[in-house]
Every structure is written in C-alpha cells, then in structure tokens.
Amino acid sequence: MNDSRPLVGEYGASPEGAPRIAGICALIAVSLVMGLVVGVLVSLLLRVMNIGVTFMWDTLPRAVGAWWLPLLVCPAGGALIGYVSKRTHAAPQELSEVFARVKSEGGYTLERPFATVALFLLPLMFGGSIGPEAGLTGIIAALVTWIGDSLRRAGLGAKSLADVTVSATLTAVFGAPFAGIVAAREAMSGEPNPRLFTFRRVVKVVLYVAAAGGAFLGLWLASLMLGQMGGLPRFDSFAFDVAQLPWALLFVVVGYALGVESHLATRLAHRVGAHAEERPVLFAALCGLVLGALYLVLPLTLFSGEEQCREIAQTWVGLPACVLAATAVLKCAATPLCIGAGWRGGTIFPNIFTGVVAGFALAALTGVDPLFAVTATASAFIGATTRKPLLAVCLLLLCFPLQSLPLVVVAALLGAKIPLPLRAE
C-alpha cells in the first residue's frame, strides 16, 4: 500500500553541509535513545507485574495461611478491575483492535495511559487466565507512535528553522520528544501535524533499526539490573519414530476439539461481555469468584501460562492424566470468559499453555514420547484457535525447535483448515 503523505524532506528549507549531517546524526541518536527508553519502560512494567503476582500468590498466602484466601482476593480484585474500568473506560484493547487503529489512524494513542497501565496489570496480578501480550501491545504501540511522531516532528522542526545552524538543528531535534509530550496535551500553534508527513523509505528503515536496537539494548540493560524475567520455555526436539506417527492423528483431533471449545467459549464470552458493559463491577467480581474456586481445585487454570508451562513440563509425570486433561479443558474456557467479564488481556500465552498441558495429558494416557504429543497437540490447537496456520507456526516457534517444524506445520495447517461447526464460527 503506497503512502501518499508528503515527505519530511520536502518541507521548508533544506540545510546543507554541517547542519544537514548534524541533523541526520541527531535523528539517529534520538531514535536510539527513545528506543532504549521504550525497552526499559517495558521491562519495568513486566517487573512490576511479576512483583505483584509474587506478592498476591506467594507472599500474602504465606503470611495469612488461609486456604480460602483466593475466594476473597480474586473477587476483590475483580471488583477493583470493574470499578477502574467503569470510571475510566481505558481497558486495554485486543490485538486486532490495536492493529486496526494503527492501520486506520497511522498511529496509536492512549487517552488515559495510567488507567490503561493499571487495567493491564491488575488482571494479571489477581490471577486472570489471560496473557500480557494484548495490553502490552497497546502500550508498545503508543510508545512507538510517540517515537515516530517525535522523529517526524524533529525532522520538520529542523527543516523549518530560519537560522539553519548546527546548534539550532540539534536544539530542534533533541527537543522534539519533549515537545511531543506537550503537544499531546495542548495544540502548538504554527507547528505542522507530524502524522501528515512521512520519511523516505531508506531514512525510515535506518531510524526504525536504530529505535529497535535501542529497545533491545534497554531490555538487555534492564535484565542485567533486575535479572532475567520469565517467558515461554523452549522445549527440546522429540526423537522421531515412525511407530508414533499414527498417534499424531489423535493428537491433532484433540487439539482441534479444544479449538472448537475455545471458539464456543468465545461466543459465550461475547454474550457475557454485552451484559458486563452494563454492570462491570458485578461481572468482574463474579469472574474473580470463579477464578478463586478454580485455583483451589486446579491452580494451573489461572495465570498467563508462561511460568505454568515450565512448571507442568517438570511435574506432569506425577499428575494423573485426568487432572492434566481437566486443566486443559477448563483453561481453554476460562481465558475467553475472563476477557468477556472485563479481565482484559491476551489469549496467545494461555492458549499455548492449554495445548502443552493437553499434550502431556495425552502422553500420560498413551505412553507416547511426551514432546511429540505436546508438539502435535499444541500446534493443532493454536492453528484451530487462530485459523491462520502461518501465524500459528510463527507463535509455536517461540517454544519448539526448528527440528520439530515439519510436525508443527502439518498439525497447525490441519487445525486451521478443518472447518469449524456452525455454532463455533
């Protein structure tokens, strides 16, 4: 799709010589620094989330010592989520909504950033069966929009100077991020809207690479200072055995069946969501009560799934197959129902966990190589839930090695392409 916006380089005067070089170098430096700031902010946000989860589900239970604590904590957390959502209307949007806004508006902004951050953190801290990726995507999209607007504003500011000197150019460029913060609150007279302009493709690539490098540097520095944070585990490749191939069909069927359950639960969640909009506090609190009850019986049905994937990979041998299967079935339904009741978040990480625990349940029942069962079942399930095999494969490569790619591709393709029953569409 062609971008018809005018180029930043075509606006105003064109500095030459030292001012031009200084402006280019300053833009790259600003891009790098702003990317670093984004990386550090995202790391700090995830760290706050982890601290909150540890406090709510480790420190507090050990201090109180009451088995019924989740029945109190989860509904209270749900009521708080519903109250903040009702007062601010700032709940994080789903991935598809974020991408649609970026595409239609050329960027993404948060009207109430602090409330959105709070509504990103609270459902995760109180044990919601949702992932961080949806809320985090909206926050990152807003930060990236800030970077893009600031860089364009910097370029326009440098081009509009009557006194085109090195010092004036640097002042215009390095002041742009702060001007962007002010501009979000009040209109700045005489300044062109940066979203009406764009950079040349080569300039855009250089600046975005610098910003991405800064972001990764920020994440790395934060991990050095704060320690490594969790993420999805990396499973080893399975030992290929022709005798196991007939079992693959069973695993794909189970993964697909869980996908059908997920689509049915999502349809039910949409109906719940329609009523939850009228009474957000009540529905979020009731969702919390259900989560608290689930935690007492099957605790792994709560949370986002990253740490739970590691835990189940180490402990599944000691758990009955029925417990593993029940965890998968309930987790599959809990995620969309949480979202419908106002506990907004993502589905990717919880769904990967659902596929993984279902695979271990099948391994316990059949005696097949557990990594083979997990790979086939999770791939079919993610394919069935996303209905996009390429996306499913890309997501699954976060967990499974390249040696497993043939099975991942076939299972994801089957899960995505087998038609859903009419009621689940």
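Just so you know, glycine gets a Cβ as well, placed from its N, Cα and C.
What TrEMBL annotates here:
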type     : residues : note
TRANSMEM : 21-46    : transmembrane segment
TRANSMEM : 66-84    : transmembrane segment
TRANSMEM : 117-144  : transmembrane segment
TRANSMEM : 164-184  : transmembrane segment
TRANSMEM : 205-226  : transmembrane segment
TRANSMEM : 238-260  : transmembrane segment
TRANSMEM : 281-304  : transmembrane segment
TRANSMEM : 316-339  : transmembrane segment
TRANSMEM : 351-384  : transmembrane segment
TRANSMEM : 390-414  : transmembrane segment
Listed stretch, out of 205-226, 238-260, 281-304, 390-414, that has the most CB pairs under 8 angstroms to the transmembrane segment (21-46): 205-226
Residues of the parent chain within Cβ reach of the transmembrane segment (205-226), under 8 Å, 6 or more residues beyond its termini: 27-28, 31-44, 47, 144, 147, 151, 199
Winner by Cβ pairs under 8 Å against the transmembrane segment (390-414), considering only 66-84, 117-144, 281-304, 316-339, 351-384: 351-384
Residues of the parent chain within Cβ reach of the transmembrane segment (281-304), under 8 Å, 6 or more residues beyond its termini: 53, 67-68, 70-79, 81-83, 85-86, 124, 126-132, 272, 275, 311-312, 323, 326-327, 330-331, 334, 337-338, 341-343, 345-346, 349-350, 353, 357
Cβ pairs under 8 Å between the transmembrane segment (238-260) and the transmembrane segment (351-384), at least three: yes
Ranked first among 66-84, 316-339, 351-384 for CB pairs under 8 angstroms with the transmembrane segment (117-144): 66-84
